[in-house]
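J.: Got a structure for you, questions after.
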Amino acid sequence: MTRKSIAIDMDEVLADTLGEIIDAVNFRADLGIKMEALNGQKLKHVIPEHDGLITEVLREPGFFRHLKVMPHAQEVVKKLTEHYDVYIATAAMDVPTSFSDKYEWLLEFFPFLDPQHFVFCGRKNIVKADYLIDDNPRQLEIFTGTPIMFTAVHNINDDRFERVNSWKDVEQYFLDNIEK
């Protein structure tokens, strides 16, 4: 029997990228932005006067290397690999300086994944998997398999896709019906 495949986004799905951006922007611009303030918006729309600072933070060498892992992501992804072919599909083209950092981060925090399954791309319509778990509605719109939205503060008002709110939800979605 052929195993089904799952492509998983990195930023805001495996890694808490936005939390790190908010911390850096708050520190540098002496702001007090909280995650909850985004309420369905992207950070650049909440503080448009600091859009250049957001870009600067993202382009800093090492930024993507030190992100926190989302709760339960490691354990659930490891379990998924027992039943599915798992790929990491990260849209790295917007921040080309992120390639090495993202690669090293994945090797450190997900050492059980085959690096040949890391896909650095722009648009995820090139990814031919059965499922895509992503926080970005634009990527989910163009994906040809089954799109699954991972909840993030910027997408909470989007109801066009099946949704998972956490890695425990991902585990339930994919593993609860697997024959033991």
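Keep in mind that glycine also has a Cβ here, set from the backbone N, Cα and C atoms.
Grabbed the feature section from Swiss-Prot, which reads as follows:
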ACT_SITE  Asp9  active site, nucleophile
ACT_SITE  Asp11  active site, proton donor
BINDING   Asp9, Asp11, Asp135  Mg(2+) binding site
J.: Given the recorded positions Asp9, Asp11, Asp135, which one's Cβ is surrounded by the fewest other Cβ atoms within 10 Å?
T.: Asp135
J.: How big is the gap, in Å, between the Cα of the residue listed as 'active site, nucleophile' and that of Asp135 (Mg(2+) binding site), rounded to a whole number?
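T.: The residue listed as 'active site, nucleophile' to Asp135 (Mg(2+) binding site), Cα-Cα distance: 8 Å.
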J.: Other than Asp9, Asp11, Asp135, which residues of the same chain sit close to Mg(2+)? List them in sequence order, counting a residue when its Cβ is within 8 Å of the Cβ centroid of the site.
T.: Met10, Glu12, Val13, Leu14, Ala15, Thr17, Thr90, Ala91, Asp134, Asn136, Phe150, Ala152
J.: Rounded to the nearest angstrom, how far is the Cα of Asp11 (active site, proton donor) from the Cα of Asp135 (Mg(2+) binding site)?
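T.: Checking the Cα atoms of Asp135 (Mg(2+) binding site) and Asp11 (active site, proton donor) gives a distance of 8 Å.
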J.: Sort Asp11 (active site, proton donor) into helix, strand or coil using the DSSP assignment.
T.: strand
